[in-house]
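Database features, via TrEMBL:
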| type | residues | note |
| --- | --- | --- |
| DOMAIN | 2-40 | domain 'Beta/gamma crystallin 'Greek key'' |
| DOMAIN | 41-83 | domain 'Beta/gamma crystallin 'Greek key'' |
| DOMAIN | 129-171 | domain 'Beta/gamma crystallin 'Greek key'' |
Amino acid sequence: MGKIIFYEDNNFSGHHFECCNDCEDLLSRLSRCNSIKVESGCFMIYEKPNYSGNQYYLKRGEYPDFHHWMGVNESVSSCRYIPTPGMFNMRLYERIEFGGQVMDLVDDCPSVMDRFHVNDIFSCNVKNGNWLFYEHPNYRGKMYLIRPGEYKRFSEWGGRSARVGSIKRIMDY
């Protein structure tokens, strides 16, 4: 199990809330979040409640203010615990609802264009492992947590477009 602690003020001060699992609405427990400690495991934090808005991946460590998790502001409203990985296996599709070219992935992909010769991933089926989709190559830009399951269209993983520049396995535990 993981453990994450959210603090209302910078530098781990003020009222705090400890969490070991998913939490869809942190604002019911804290008025704001300005610093975070991840004591064990990894978590995805979300700007808005119900796992929506900008997403930020946090591994074990201390984040004394929102700049340390690369946030655009101190808005953190929900989080998901990312369980320890086993194997990794994902199938990517060029079109919605698993249509078009099929691309299998079992390792990190720093450039979707270089490997598969496509810019957009419209749907995917994750058999094993937790992954991060990045908007740009070389693991840059907005990121999205992709957990085991079927995603018939990019909006189901929170994407605003089908643009996926790179893909990384979550292995930091």
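Glycine residues also receive a Cβ, built from the backbone N, Cα and C atoms like all the rest.
No curator has checked TrEMBL annotations; they are predicted automatically.
Note that the structure is a prediction, hence the values are computed from the model and not measured.
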The correct DSSP tally for the domain 'Beta/gamma crystallin 'Greek key'' (41-83) reads 4 helix, 22 strand, 17 coil
Please give the sequence-distant neighbours of the domain 'Beta/gamma crystallin 'Greek key'' (41-83): residues at least 6 beyond its ends with Cβ less than 8 Å from one of its Cβ atoms.
-> 1-4, 6, 10-12, 19-27, 32-35, 130, 132, 142-145, 147, 158, 170, 172-173
Counts by DSSP class (helix H/G/I, strand E/B, coil) across the domain 'Beta/gamma crystallin 'Greek key'' (129-171) = 4 helix, 21 strand, 18 coil
Reported in the order helix, strand, coil, what are the DSSP residue counts of the domain 'Beta/gamma crystallin 'Greek key'' (2-40)?
-> 6 helix, 21 strand, 12 coil
